[in-house]
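For reference, the structure is listed below as structure tokens.
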Amino acid sequence: MWLIVGLGNPGETYARTRHNIGFRVVTELAQRHHLRFTHKRAKAEIAEGEIAGQRVALALPQTYMNLSGQAVVGLRQWYKIDPATELLVVYDDVDLPFGVLRLRERGSAGTHNGMRSIVALLGSQVFPRLRIGIDRPPVAWNLADYVLARFTPEQEAQLPEVTRRAADALELVLREGIVVAMNRINAPPPKPEKKRGSETSDPSAESADHAGGG
């Protein structure tokens with residue numbers, strides 16, 4: 001089975017903040033498959049069911065962001081999963097442009113306190129994660145204030161599309177596996193076709209590394 005955890009802060013005060021986009025995406029996935037958050041265990045709200053032929057538990061930790069690891073470790077023990085192959089964490093990332101998705105099998109927690117808590121309590125960085133870009137804060141902004149603020153009106157208008165693509169990415173992992181999903185999700189967007197008669201570019205001049213950071 002898969003344990004899919006969306007990171008965020010509980011309560012209406014934080015519901016529409018940048019830091020809660022992980023909650024939004026996992027909630028979108030649950031609604032899409034008519035799964036309801038009817039269980040509470042290990043300091044998290046849980047929706048259980050089946051997606052793409054896989055048993056899943058979708059989790060929204062209720063611990064506040066900085067203590068997310070408490071919920072994840074408790075759920076790992078409850079469901080008896082292997083984090084390296086059966087845990088997928090969804091969260092916001094200030095180091096990615098708004099709306100950009102990155103899927104990884106492992107990596108550091110970076111500056112994200114929720115991920116730091118998970119890595120510390122699991123004792124491992126080896127577990128899949130889907131990062132969703134929320135942009136860097138403006139120079140004058142404190143990072144904590146930025147992630148706990150709402151999106152701009154322009155970004156808010158694009159959020160339904162961003163959450164849809166992120167939920168699609170989670171479905172792809174469940175349907176095709178993490179490696180196939182990474183190859184598709186992390187690939188650069190296709191370049192526009194050149195007009196007939198224009199010079200072709202030298203493919204050797206293009207970088208082969210599109211993976212980005214951990």
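Placed from the backbone N, Cα and C atoms, the Cβ positions cover glycine too.
Going by Swiss-Prot, these are the annotated features:
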type	residues	note
SITE	ASN9	site 'Discriminates between blocked and unblocked aminoacyl-tRNA'
BINDING	TYR14, TYR64, ASN66, ASN113	tRNA binding site
ACT_SITE	HIS19	active site, proton acceptor
SITE	ASP92	site 'Stabilizes the basic form of H active site to accept a proton'
REGION	184-214	region 'Disordered'
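Annotated features, which come from Swiss-Prot, shown on the structure.
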{"residue": "ASN9", "record": "site 'Discriminates between blocked and unblocked aminoacyl-tRNA'", "DSSP (3 states)": "coil"}
{"residue": "TYR14", "record": "tRNA binding site", "DSSP (3 states)": "helix"}
{"residue": "HIS19", "record": "active site, proton acceptor", "DSSP (3 states)": "helix"}
{"residue": "TYR64", "record": "tRNA binding site", "DSSP (3 states)": "coil"}
{"residue": "ASP92", "record": "site 'Stabilizes the basic form of H active site to accept a proton'", "DSSP (3 states)": "strand"}
{"residue": "ASN113", "record": "tRNA binding site", "DSSP (3 states)": "helix"}
Show, in sequence order, which residues other than TYR14, TYR64, ASN66, ASN113 on the same chain lie with their Cβ within 8 Å of the centre of the Cβ atoms of the tRNA site.
-> ASN9, HIS19, THR63, MET65, LEU67, SER68, GLY114
Count the other Cβ atoms sitting within 10 Å of the Cβ of ASP92 (site 'Stabilizes the basic form of H active site to accept a proton'), across every protein chain shown.
-> 25
Give me the largest Cα to Cα distance among TYR14, TYR64, ASN66, ASN113, the residues the record lists as binding tRNA, in Å as a whole number.
-> 16
In the structure shown, which of the recorded positions ASN9, ASN66 has the fewest Cβ neighbours within 10 Å?
-> ASN66
Take the C-alpha atoms of ASN113 (tRNA binding site) and HIS19 (active site, proton acceptor) and report the distance between them in angstrom, rounded.
-> 10
Counting distance between Cα atoms, which of the recorded positions ASN9, HIS19, ASP92 is nearest ASN66 (tRNA binding site)?
-> ASN9
CA pair TYR14 (tRNA binding site) / ASP92 (site 'Stabilizes the basic form of H active site to accept a proton'), Å rounded to integer, equals 14
Whole-number Å distance separating the Cα atoms of ASN9 (site 'Discriminates between blocked and unblocked aminoacyl-tRNA') and TYR64 (tRNA binding site) is 5
What is the Cβ neighbour count of ASN113 (tRNA binding site) at a 10 Å cut-off, with all protein chains included?
-> 19
